[in-house]
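Dropping a structure here in structure tokens format, bear with me for questions.
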Amino acid sequence: MAAAAMPGDDDAALASPVILSDTHESPSPATNGETAPAANDVPSVAHLNGIGIKGLKVPDTTEDVARSKEALRAATSGTTVGRVPDGTVFSVPETHDLIQTLFSPNEPKTLPEWITLGLMGMTLFLFFATNAPRQVFLAMFIFWRCMYNIGLGVLLNAQSKDRKLVRLAKKLGFGPKPQKPRAQWVQFLISQVTRKMSKNGVAYDYESMPIEFNTWILYRGLVDIILVNDFSNYVAFAVAYYESPEGGYGWFDALRYAAGIAMLLFNLWVKTDAHRVVKDFAWYWGDFFFLVDASLTFDGVFEMAPHPMYSVGYIGFYATALIAQSYWVLFVSLAAHAGQMLFLHFVENPHIDKTYNPPTASTGAHNTSNPLNKYFGRDLIVFQNMDWFRATDLQTIVLASYTVIAALLIGPIDRPWKFWFYVGQTLAWRVIHTYGLGLILYLQSNHRMWNRHFIKHGETTKDAFQSWKVIYNTTQLMSYVSFCVCAVRLFVVPEGLLHDMFLLRATLGVLFIILHMWIAISIYEVIGSSGWFYGDFFIDELRYGSGPIYSGLYRYLDNPLLYTFSCWGVAMFCGSPTLYAITLFGQVSNWLFLRYVEQPHMRRMYGSQIRQEAGVERVLKSKVGELERGVEKLAKDFDMVEVLNRIKEVTRTGEKELRKVMGPAAWKEFVDRARGRKAARGMSFDTPPESEDDFDSTASTGNQLGFTKDGLRLRRKPSNESELSVSSQDDLHAAHGLHKGNSPPKMRRSATNTLPLAVERIIEELEELVDQARPKFMAVVGETAKKLVGDSRSALVPVDVYSLQFPNCPADRPATFRLGEPIEVEFTAAADTLTARDWIGLYPITANPNSALTTTKSDGRWMFITGSSKDEWDADSEAVGAALIKDNENDDSKCIGRVPVSLSTVTEKRGGARHLVATGRLRFPRDRLPWAVGVYEARYHYQGNHDVIAISRAFQIVADEYEWQDGGNGDGVKVSEEVSVASVLKPIVETCVDVDLAAGEQGLALGDTILDRVKVDNCPDVGAYAKYQETVARRITYAIKQTFGIEFSWKVIALDGTTAQLAKRICSARAALLPREYQS
């Protein structure tokens, strides 16, 4: 079984929000929560005694009022309240999990359940009653796993983006009270839903429930079929590939079975505990269809690992492989688990961001108002942001290349000096990186040594930090490069790759390397560049800030990178004792660095704000406490209380004797480490308590004062940067802690992004390659189809009366638009044949070689003739011809959707037939324009397809070229030039940012931060908003290149921030690139 990963995977508490409709009224004024609403009064938020539906708006339609009132009032009695995107509020009926309904003989069965049982029976029959080869069960499991990850993934992705499942259900007649009679098979499925949801003699009212809920119930039936058969076929596959020990069973096999069974029990606990938290609603991805008002406390397994249902929740796969002792089971399980993580990454995470982390104007990726931006730019992090023209980057690459080339020249280890060369080089870089840089950080933290040195020689703290970043990245890179070179030279190819445990070691090694890379990327997403380079050691603005970071991986662990998993992985792969020793040395070095450098610095900065225990430690302690209470209860039941007290007395006596042997100071340090209560803000226990009671009371007081444990590896980041892409559930987590009476540490917001930028770039490159190949193929297909079919389409659609014009451009002159200027297209279409899915797109004139078929992607530069977007295109989607033309509510005119049209009669050129035509105008806004100079055309497409009905005349997009001032190079001339450039640049930036001055929006001042004015309206999540900010920045740099002849990277917009600074940079670049012409 699997559940939809709720945003609580990363947060401790969450109240699932309700999707708000576009309402025009505010909720009713607050009233006393104890007063019952009047009979005809719709309860507001205040009426619900703090049920917490923020901005609740009951629909105004009469037929929904009674049902909405009933649902809201039911919420006060504990009934779950659901809400669909159109604003309808309803009471969510109780649902039951699959195990309860599928295997209980008292529960009525529906078609999906009978199909599930039948397929399970077929699998059991094949396994026990036939001699089917084991490859059959492997193929069956692969099929069901693909149905899960690919099949369900495609359906959920379509539902999340365009609500396609609900649209399809509505089109097929599954909606309440359809206009057309339902088909028999539709009526049968509805009866199955009614049968499934009718409980305890109470019939389920299908027609009164929203279509979103009923569609979800239908989808659950498909999920049950797939998940149950996925599980049963995996069991059959694993048993079929079970391999008995060659030499008989022994102690090793007993340990192997014991470990496998323990892992299976842990997997069972993960699933059951996760279902306890997310309930049946999230277990079946309910939030893809509707939202509920429910407070979920994400404790237990959700404090142990991110997305536990998909991470530690699949440990049962590896337990099965361990018991089966089969590499086939292991590798197939690895592939299945990888597929599940891809499902999480591409399906669930985008939906979570879209639903629960909506972007705001302050959560963009380029907050240029942050004063700390001057310390961070395109810093080299390992190989990321590599610039071959930057001296420091080139030196780093040369040093790494020298190490590799030297290893190639020296050759394999055949003499002792070569062995010590490779080992010594690796140890030297480890010592430099850990102990050398650790000493620098220690002196900087306590005496500001590094900054003092640079200030002494006339430089700034920015110069000091820049030098530190280069040194840190170089030594870090070289420590890994030298280790890999040493590993290559120490590796000995085994005689049999499939024997002597090499295959297992290699597999675990590769997994450890991947784990280390994932941890490093996840940590960087949380702490950013400032934390990665220990910025709070050097930058005053980061010292003594708001607190440590407890989001992302830091929610579960204090020091995610304490263990160098990649080095352990390489050592496992090579199997060299020397590499194990080097890795152990590096592990101990990391621990010493944390113990004596980072932890004291963190305590000095944050003091009592440091938490006492991480999520994993808290869960383990709670389970140990439950186990102790269980043992005590068992002792009482079996009259063994006296024995238990004797054990406790022996424990206390042992502690007392150990304290005498170790001495007070050593005992104090030992207890501090064991109990995790180190003094905060410089407090210490130099004087031990006089008695054990004093010691216990001191420890308890220390806990209240905020004492914390060792082992924290928490780095700070700038407050603005840390607030870029946080889930709002961090605040709810803090509120949850306060509700329990605790005083939670002040959390920092994290910088998240679901996908590494490199992966996005690769996907975009592949899409471009496919798009480049598609036109040629489609052109051949289109020409062939045109020859075969001829002009049969014209017999159905009078194509001659269709046309596209540009009403704002004179017919006797070329149609010309400035870059970023909205384009208005006038269309004329036959009133009898036009459809709501007719659409118009803008394309480069050379993009489509076929005039009858469009073969190039529009990249969003299109609109339906109704003026609606893709998300709204099912409105009147079935209407065709004159039925689509309606009266305008405001006047006597006609309209198609929201586009006013005029009706007239024209004569067809072929045959002379007369047709009633509709003429309307579409205005392409700036986010649907081509943002490149060139020659384009508009194409009219029929009924949602790519068949072309009409093509406009060519139009050109141009950019005005700025005329630079001639003569003089004094300060007055430069200032005048900057003012002139700024005056020309300001409207360009306003156009790119989409500031609509005509609509009354405030203009962009020269000192305003440019990217802060980027609109967030059409961005579903924080990642989309950050990407749209990048798009706007690219528009601005392109317009600058066309207007001023200066080419900039789009990142310059974020660095400069304002129009005034950007104008200065343009003038400086002009002077630097063309000094003679500029000064003449």
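Cβ from N, Cα, C; glycine included.
Okay, so TrEMBL annotates it like this:
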COMPBIAS  697-706  compositional bias 'Polar residues'
REGION    21-41  region 'Disordered'
REGION    679-750  region 'Disordered'
TRANSMEM  111-130  transmembrane segment
TRANSMEM  136-158  transmembrane segment
TRANSMEM  217-242  transmembrane segment
TRANSMEM  254-270  transmembrane segment
TRANSMEM  282-302  transmembrane segment
TRANSMEM  314-336  transmembrane segment
TRANSMEM  394-413  transmembrane segment
TRANSMEM  419-443  transmembrane segment
TRANSMEM  502-524  transmembrane segment
TRANSMEM  561-594  transmembrane segment
Are there three or more C-beta pairs under 8 angstroms joining the transmembrane segment (419-443) and the transmembrane segment (561-594), sequence spacing 6 or more?
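Judged by the Cβ rule, the two regions touch, with the required three close pairs present.
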Please work out which recorded stretch in 111-130, 217-242, 254-270, 394-413 has the most C-beta pairs separated by under 8 angstroms from the transmembrane segment (314-336)?
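Highest pair count goes to 254-270.
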At a C-beta cut-off of under 8 Å, are there same-chain residues at least 6 beyond the transmembrane segment (254-270) that contact it? List them, or none.
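Counting only partners 6 or more residues beyond its ends, the transmembrane segment (254-270) has Cβ contacts under 8 Å with 301, 308-309, 312-316, 318-320, 322-323, 325.
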Which residues of the same chain, at least 6 past either end of the transmembrane segment (394-413), have a Cβ under 8 Å from a Cβ in it?
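Residues packing against the transmembrane segment (394-413) from afar: 380, 386, 388, 419, 421-422, 425, 470, 473-474, 477-478, 481-482, 485, 488-490.
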How about long-range neighbours of the transmembrane segment (419-443): same chain, 6 or more residues beyond its ends, C-beta under 8 Å?
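Distant contacts of the transmembrane segment (419-443): 403, 407, 410, 413, 449-450, 468, 471-472, 475-476, 478-479, 482-483, 485-486, 489-490, 534, 537, 578, 582, 585-586, 589-590, 592-593, 596-598, 601.
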Determine which residues of the chain contact the transmembrane segment (111-130) at the Cβ level, with the cut-off under 8 Å and only residues 6 or more beyond its ends counted.
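That would be 101-102, 136-137, 140, 188-189, 192, 220-222, 224-225, 228-229, 232-233, 236, 239-240.
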